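Okay, structure first, notes after.
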């Protein structure tokens, strides 16, 4: 009974605070709300057990620990001390960088620092004592060095570590950086951009960023804590910004001179408009940025969608900025199997050895058959598949080989991106698959198949550079 009364008191205080916040916003929409609410209280004991994070959504927060002033941290991601990828992951990443370089594109990776590295002062004394900050810092910097050894331009964010700024880099209870964190990051990234070959030739203009009100955030960590423990948290308010060319408001030329930006940005929701990362990049670099970031698409969806687009192939950027967090797996083989052939636009404009258009029926559909026994060596060929309905975001297919071996491959696209229903991927090029001779391609119809769905599938030879790299990488 005592516990319940205490919780009701906290909720009442929170409700009163929110009412005061609403009144403040009504009086001045651009002002930060002023209210007083009691802290939400400590997390419940269940939050300490990984087994309680038993859904795909909750698994992202394994596991939450209480910090100061309603701050929450995740032990798995925020307090990690290991970074980077496997030896195979580094090889694949280097190969992708080389392919982009061959196309005249310099790759810049924005490898976000963790909350533990930047905001460890917010940890409770016990959690701070248990977090090996020096090891995390050492390994993060070693990973930055590995990116650079792979020929990838990679900013060093260590000047932001252990910050004691008035405006925090991260939100109290959310995995995103605040606009202030985005601004500090963009300033460092812009200094790296200025070192990239070809940057000097990119047209420049002056940009300015202005505060345009407030951004409210009821954080993802706080929402997860509410599911696990029933805790309630106050909404956090921070400054919101927008960036535009100097004089654009007066001239009406809000989008510049109409030229194509020569720097493209792909990445996560951290690069979305709410945090103005792209705008701050424009301000500090003086260059137009084409922002292709996707919210909810992981580290790869926006890059794959951009590489599938007509824009990428007709107007390739001189510099490609790829932003993602440290917890993403850079060794995902399925990602590189798609990204590598997309550099040259799959089978578009290339001679195909097999091609067919089929109206799908329920179940499995044989779409391509190597009936002439053509010498289609798996390690040297690419498949290019396009659904007639772009709303289909999953490809389930089986690739059969002459000796009876088969590969069942499932590729899922984020519903946050539009790739026109197109899927491009390399056939298997592992050492024990590369010499297999292709026999057929079967596609399983989507469960909720649109009426009259058709698929166009082609097989073509990979670019010589790709074929040689796949062999060299083994």
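If you go along the chain as it appears here, the first residue is 1 and each next one adds 1.
Each residue, glycine too, has its Cβ placed from N, Cα and C.
What Swiss-Prot says about this protein:
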ACT_SITE  174  active site
ACT_SITE  176  active site, proton acceptor
ACT_SITE  269  active site, nucleophile
DISULFID  44-229  disulfide bond
DISULFID  347-460  disulfide bond
REGION    27-347  region 'SGNH hydrolase-like domain'
REGION    348-474  region 'CBM domain'
SIGNAL    1-26  signal peptide
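Here the residue listed as 'active site, nucleophile' is positioned 12 angstrom away from the residue listed as 'active site', judged by their C-alpha atoms. Checked against residue 269 (active site, nucleophile) by C-alpha proximity, the recorded positions 44, 176, 229, 347, 460 yield 176 as the nearest. In this structure, the CA atom of residue 229 (disulfide bond) is 22 Å away from the CA atom of the residue listed as 'active site, proton acceptor'.
Reduced to three states, the DSSP call for residue 460 (disulfide bond) is strand. Sparsest Cβ environment among the recorded positions 174, 347 (other Cβ atoms counted within 10 Å): 174.
Residue pair residue 460 (disulfide bond) / residue 44 (disulfide bond) shows a Cα separation of 57 Å. Taking only the Cα positions, the spacing between residue 44 (disulfide bond) and the residue listed as 'active site, proton acceptor' is 24 angstrom. In the region 'CBM domain' (348-474), helix, strand and coil residues by DSSP number 12 helix, 58 strand, 57 coil. The least crowded of the disulfide-bonded residues 44, 229, 460, judged by other CB atoms within 10 A of its own CB, is 44.
Straight-line distance linking the Cα atoms of residue 347 (disulfide bond) and residue 176 (active site, proton acceptor), rounded to a whole number, equals 37 Å.
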